C-alpha cells in the first residue's frame with residue numbers, strides 16, 4: 001500500500017496464487033480483518049490507506065479469494081465512525097457496485113503482471129477448442145502452462161468437462177488432456193476438485209442444454225477417480241453431482257429453491273404462491289429447514305419482512321407443516337443462535353419475539369416450548385432466548401402486543417379485528433347461519449386472536465340469556481377453527497373479568513360456571529383449567 005501501482009498489482013496476484021494451496025480462505029479473511037482494525041494507525045504513514053485498502057478488498061472479492069459476505073460480516077465488529085468502516089463502505093458502494101466492476105478493478109493498477117479474468121477465460125476457451133480440433137495434448141498443456149494462472153486452473157477443468165459433456169466425440173480427448181495435466185502436476189489436485197465442484201453446482205443449469213448432463217458427469221467422475229486423476233475424497237465432499245441425487249445434492253438444491261421462494265414472497269406478499277411453490281418443491285422432510293431459512297432471512301431485514309414471516313407461519317402450519325416441523329425449525333435456529341448473532345447483533349431478541357409470536361398465533365403450543373427446550377444441547381445460549389419467549393407469550397395482553405411488535409403491517413389493527421368479531425357474533429346471534437359465521441372467523445386470518453371470539457361469545461351469551469353463541473363455539477372447535485389453547489385463553493379472560501361483569505350481569509359467575517361445565521364436557525379446555533381467578 002505504501003508503494004507504486006506495480007507493487008499493488010503484484011501483491012494482489014500473489015494472494016491469488018497463494019489462495020487454496022498455501023493460505024486458507026480463513027487465513028485470508030482474518031488477515032483482512034487485522035488490516036481493517038489497523039486502518040486508523042496505518043493512516044499516519046499512508047494517507048490514502050482507506051481508498052487503497054478498499055480496492056485491495058474489492059480485488060480479493062473479484063478474484064474469488066474473499067466471499068462477498070466478508071463485507072457485511074466485517075461491519076459487525078467495526079465501529080461506525082472508524083476508518084475501517086469507511087474502507088468497507090467504499091469497497092461495497094464505490095467499487096463492487098459499479099457497472100463492469102470486475103474489469104475496472106482488475107485494471108485499476110495497470111494489470112501489468114497478469115491478464116484480466118475475462119481474458120483468461122477467453123484464452124482457455126480458445127485453447128480447448130483448438131485442442132479438440134487437433135488433438136495435440138502436449139501443445140494444449142504448453143498453452144495452459146503459458147497462461148501462468150495456476151490458481152485459476154479450476155476454470156480449465158470446468159470448461160473442459162463441459163465441452164466433454166456437450167460433445168460425446170470430444171469426451172475421450174478431454175479425459176486424455178485432464179489425465180495428462182494431472183500426471184504432469186500441471187493442474188493440482190485441489191484445482192481439479194474445485195473444477196469438478198463447479199460443474200456439479202451448475203448441473204441444474206447445464207441439463208437445460210445437455211439433457212444427459214448428470215449421467216455424463218457421473219461417468220466422468222467415476223472414470224477420473226478410477227484412473228487416479230481425481231481424488232477419491234471428492235465423492236464424500238458434499239457436492240458430487242451424483243446421478244442418484246444423493247442427500248447432499250438434494251439438500252443444497254432445496255436450500256437454494258427455498259431462499260428463492262422466500263425472497264419472492266418478501267417482494268410479492270403472496271402467501272398462496274408460497275404454499276404452491278413449497279408443495280411443488282417437495283421434500284417435506286426438509287420443512288424445518290424452510291422455517292429456519294424464513295426466520296433467518298427475515299431477521300436480517302426490516303420490520304415489514306419480519307411481520308410477513310410471522311404471518312406466513314400460520315398459513316404454512318394450516319396447509320403444509322406440522323407443529324413438529326415448525327418446532328424442529330426453531331430448535332435449529334436456537335442451536336445456531338450464537339453463529340447468527342455474529343451477523344445479526346440482536347438475533348437473540350428477534351428470535352425470542354418470533355417464538356412468542358408463534359405461540360400467540362397457535363403455530364406452536366406452550367408445551368412445544370418445553371419440547372424445544374429438551375432438545376437443546378447443554379449450556380446452549382438458545383435457552384435464554386426460549387425463556388424470554390415464554391415470558392413474552394404469557395404476559396398480559398400478549399396477543400395485542402406481539403401482534404404489533406413489528407408494526408403489524410400485513411395484519412389488521414386490533415381494534416378493527418375486535419369490531420369485526422362483535423359484528424359477526426351479533427349477526428349470528430340474531431339468526432345468522434353457523435356456516436357463514438365460521439367462514440367469517442376464518443377470513444379474519446387471525447387465529448392467534450380467536451380467544452377474543454371466545455371471550456365475546458361467552459359475554460354475549462350471558463347478556464342475551466341464551467346459549468346460541470356457545471353452539472357457534474362448539475362448531476368452531478369441532479372444525480378446528482378455534483384451538484383448545486385459544487378456547488382456554490378466552491375462558492381465562494372471562495374468568496379474570498368476572499368481578500367487572502357482575503356489575504352489569506349479576507348472575508355472571510353462575511352462568512360462567514355452567515359454561516365451563518359444558519366446555520369441560522365437550523373437551524374445549526386444557527386439563528387443569530380452574531374457575532378461580534388467577535389474579
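Just so you know, the numbers here start at 1 and follow the chain as drawn.
Each Cβ is built from the backbone N, Cα and C atoms, and glycine gets one as well.
Nobody curates TrEMBL annotations by hand; they come from automatic prediction.
Database features, via TrEMBL:
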- 1-76: domain 'MI' (DOMAIN)
- 119-240: domain 'MI' (DOMAIN)
- 253-374: domain 'MI' (DOMAIN)
- 416-535: domain 'MI' (DOMAIN)
Return the stretch with the most CB pairs under 8 A relative to the domain 'MI' (119-240), choosing among 1-76, 253-374, 416-535.
1-76
Averaged pLDDT score, the domain 'MI' (416-535):
86
Pull the DSSP breakdown for the domain 'MI' (253-374) and write it out as helix, strand, coil residue counts.
103 helix, 0 strand, 19 coil
Could you give me the DSSP helix, strand and coil counts for the domain 'MI' (1-76)?
54 helix, 2 strand, 20 coil
Could you count the residues of the domain 'MI' (416-535) that DSSP puts in helix, in strand and in coil?
89 helix, 0 strand, 31 coil
